[in-house]
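Undergrad: According to Swiss-Prot, the record shows the following:
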- 106, 107, 108, 109, 110, 111, 112, 113: ATP binding site (BINDING)
- 331-459: coiled coil (COILED)
- 930-951: compositional bias 'Low complexity' (COMPBIAS)
- 960-980: compositional bias 'Polar residues' (COMPBIAS)
- 1003-1026: compositional bias 'Polar residues' (COMPBIAS)
- 1085-1097: compositional bias 'Polar residues' (COMPBIAS)
- 1100-1119: compositional bias 'Low complexity' (COMPBIAS)
- 1128-1146: compositional bias 'Low complexity' (COMPBIAS)
- 1158-1169: compositional bias 'Acidic residues' (COMPBIAS)
- 1174-1195: compositional bias 'Low complexity' (COMPBIAS)
- 1250-1265: compositional bias 'Polar residues' (COMPBIAS)
- 918-1026: region 'Disordered' (REGION)
- 1085-1119: region 'Disordered' (REGION)
- 1127-1146: region 'Disordered' (REGION)
- 1158-1214: region 'Disordered' (REGION)
- 1245-1265: region 'Disordered' (REGION)
């Protein structure tokens, strides 16, 4: 039977693609500079984006790092560009049925939330989430398929999960959600998932949920998100299969806004610091997961953080993932930027295997949902039946099984814990035992170290004492011999010095006097030259100043001429003004006369009219009282009255106009006269002032020329002050006068214009009034003529007469008005001429102003010349004073020094000559005879004696001791070897012993007796030599007090007691040492001093020993008394120290010298065993043929210690170095190889063992340090 499930599985198998691994896509976005960074002027960008937009170049600590990503968004990138390149492909994959995840990671304040959310409400600044929602809805709507979109929004704050889409109740708002591990992964059952139908509703839900997110203000950002935020979108799309069955395609997209990684120092205090710690913890676990995935680790710590639990499938799972890293361009955040880039680069290397989600049929979904509903109903029914929480049987049995499994696991773990406890207890016991043993070993080691340190200190003391004694002895002998030679030379040199000093006194005095005279003459010459040069300079300055004064004088003369010409022009203008004002005055008089005549005619006319009227009215009124009407009388009266009023008004107005014109003309004439007077006075004053200035200038010039040579600086200052004052006063007065003149000119011009305008207005008014009067008179006459046609003929005649008279008067008035017009025209012409004259005066004033400006231009030139002159003179005076003071001081110093030198030379020479006073205490030369050592040729003797010379101040006591006595008296151990050529003694310290094979012993002998030459010949035949010592040793002694003598004796007694104690300790070890001792008959004898060999010391001997402090007896006697033999060291920790470890000195016996040198440790040590074997074999052969043999001692090498040799003279040197074993030989100015004869008795080493095998065993037992 074909079911929907089988069809669904077949479709999924067909559509299931081949599993391919894909890397996580990594993008980088660089934010632009913030407002705060721009205000601070930050411009340097350590990050650069390549042209291909796939690489980031970062300059860090002098190197350029390069990071490659899938795409890099620069500072100018916009939100739509980021969405189209980074997010849109994953959205398309989600619609096809894949799961996708997009991370946004970066430092706090780099724009993660802006990239993910953007600004709500603006189309340009929308983030990834709203653009994704719009794009999904757009694609689904265009496809026309049935779809369902669900959204959830959660945040992880302080490792707790909170639902941002929960209801607004207080209980659920702050309640953290739980996460459970299931077979399908980690799930959050209480997380609310909202079904969304349109884009606007989901955007509104998103805006509300974003507001609930945890934010705070930090040093990076004012509103920084303090939690991880995950916005999940689940898309269900319905499809129909070929068989007509409905299938559902599911895709899920997680948009993750991670909290910002930040430095703890920049996070702030208290809460912000704790939040940053938790944020960094979760990001650290995410980084561990990323690194483990890139390294292909077996275990990946997904469970370490809530974030990695939720996003487990996105990292190395079946989803398509991309990460967007946001970085800052600021140089301050460079380290965080580099960490972010490396973080993203690691994430890019993670490989996912994206798989498409299985398409589910409608029936299967319904079955799953129905089973879940039934399960939930069972739980509800169980809960409703009884109080409390009840479960179904299936759930109870399942829980019971889980409990049993957990109990069994717990028992197993308890058994394991018990076993581990037993193991831990046993381990503790063993550990305690080992610690006890370790402590005991450490204590023993510390005690042994202390003993070793004490012994090493003791050895170092002896070595230092020995080196000091040897070096001081050699140097003292040399110094004493050289002192006497120096004394002899000093006496001769003193005599010569006295002679040379006496000669040098006279020569020096002569030369110094000559030098003094030469210096004085040179100084005088220099002074004269300086004075001449200064005089020349002063002349040059004087010439320059005279030239500048002449130029200034010329300019001033030109200005004075210009001023004179301007004054003449002003006078001419005054005369012209007077001439022009005279016709104006005449016009004024004529106008006054005309107005007077006019007044008279008007008065006459009025009188005549009155007479006529009186004559006319009396008969008229008397004869016709009855016949006349009231209306006619009223008309006549009114006519007459109007006529009189008009005449009176005209007369009054004409009088006013005339009076006003008279006043204006008088005022104008007065003002012009005053102005002319003022101008004339001003011109006179300017002339006088100019004359005074000229006189002052002449006086100043004469005074300046007279006093220039005597007091140059003072005269210049006074002249400059006077000149500046006079010029400033002159120019100030000129400025004031010109300003006053301009003001007066402007006021006169304005006043004259006003007067002319008023005159013209008055004339117009008078002309209009005359015309009005004529017209009124004519109208009145016409009216009278019309009204009085019926009057008597007498009246008519009188009226006609009156008419004639009136006509005459009117004609006269008309004539007067015409004349008045002529006068006004003449006045206007005169005024225009006057105005032209004033304009010409204005031109003259402009010229005067130009001259004033020229004068102002001259002033800075004068000041410049004055300042330069002042500077030149000041510099000259300063240079004169300085040079004068320098010359005087130098001459005084030179003369004083020369005089002091001349006076101090004889006293200095007298004091410098030191005459050596004879004290009588200088020691004289003393010769000490050093006898040659006793040589023994018998082979049966165990050791040859070495004679030691003990010399005192008198040279009376000479004590000789043999080698055997010196061996008995010295505390010498068998663990030391003496190399006679190089005087090398090695003290083993916990190390294996290697025999010393002498290579070279060089003796430079100036005088060798016959026995020595014989021995040298025999030494060439491989025979041992005896060192001769027949010359003398020179010593010097000092006197000692009794107290010092007693103290030295006490010290010597103490040393003898210590020596006895050491000898008693050594007797216990003699049995062991005798078994290893190899004795042969021949020995090498050396001659040396042993001052502590004899028990009795004389006072002179103690005086001799005061040269060096007393030392233990093992210092020199060990060299003389130690037998040269092979000794096996027993118990090296208890061996006494040797003073030969750091040997540095020389032995001198007259002209004979012994050179001691050791080879360096840098030579090859690998062939030491072979060298020893070859030398031993050669020594066995040579011992059979030789009569005298040198027996060496087998010792162990101590750690390398290098010392520089001290060469006291050419023939006396002792160079000591730590080295490999060497061969010893004696020669006179050449190297002679002397073999060493070893005893080949097997009984000494026990069991017939050879020397080489014993040496090997010793090497294996105690290796070299």
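Residue numbering: from 1, along the chain as shown.
Just so it is clear, glycine is given a Cβ too, placed from its N, Cα and C backbone atoms.
Since we're looking at a predicted model, the values are computed, not measured.
Show me how these features fit into the shown structure, please.
TA: Annotation note: residue 106 (ATP binding site) sits in a strand segment as assigned by DSSP. Around the Cβ of residue 106 (ATP binding site), the same chain contributes 112, 258, 260, 261, 325, 326, 327, 340, each under 8 angstroms and 6 or more positions distant in sequence.
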Undergrad: For residue 111 (ATP binding site), what residues in its own chain, 6 or more apart in sequence, show a Cβ-Cβ distance under 8 Å?
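TA: For residue 111 (ATP binding site), the qualifying residues are 29, 31, 326.
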Undergrad: Provide the three-state secondary structure of residue 111 (ATP binding site) computed with DSSP.
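TA: For residue 111 (ATP binding site) - judged by DSSP and reduced to three states - the answer is coil.
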Undergrad: If you count other Cβ atoms within 10 Å of each one's Cβ, which of the binding-site residues 107, 108, 110, 113 has the most?
TA: 110
Undergrad: Once the chains shown are all counted, how many other Cβ atoms turn up within 10 Å of the Cβ of residue 112 (ATP binding site)?
TA: 28
Undergrad: For the coiled coil (331-459), what's the mean pLDDT in this predicted model?
TA: 86
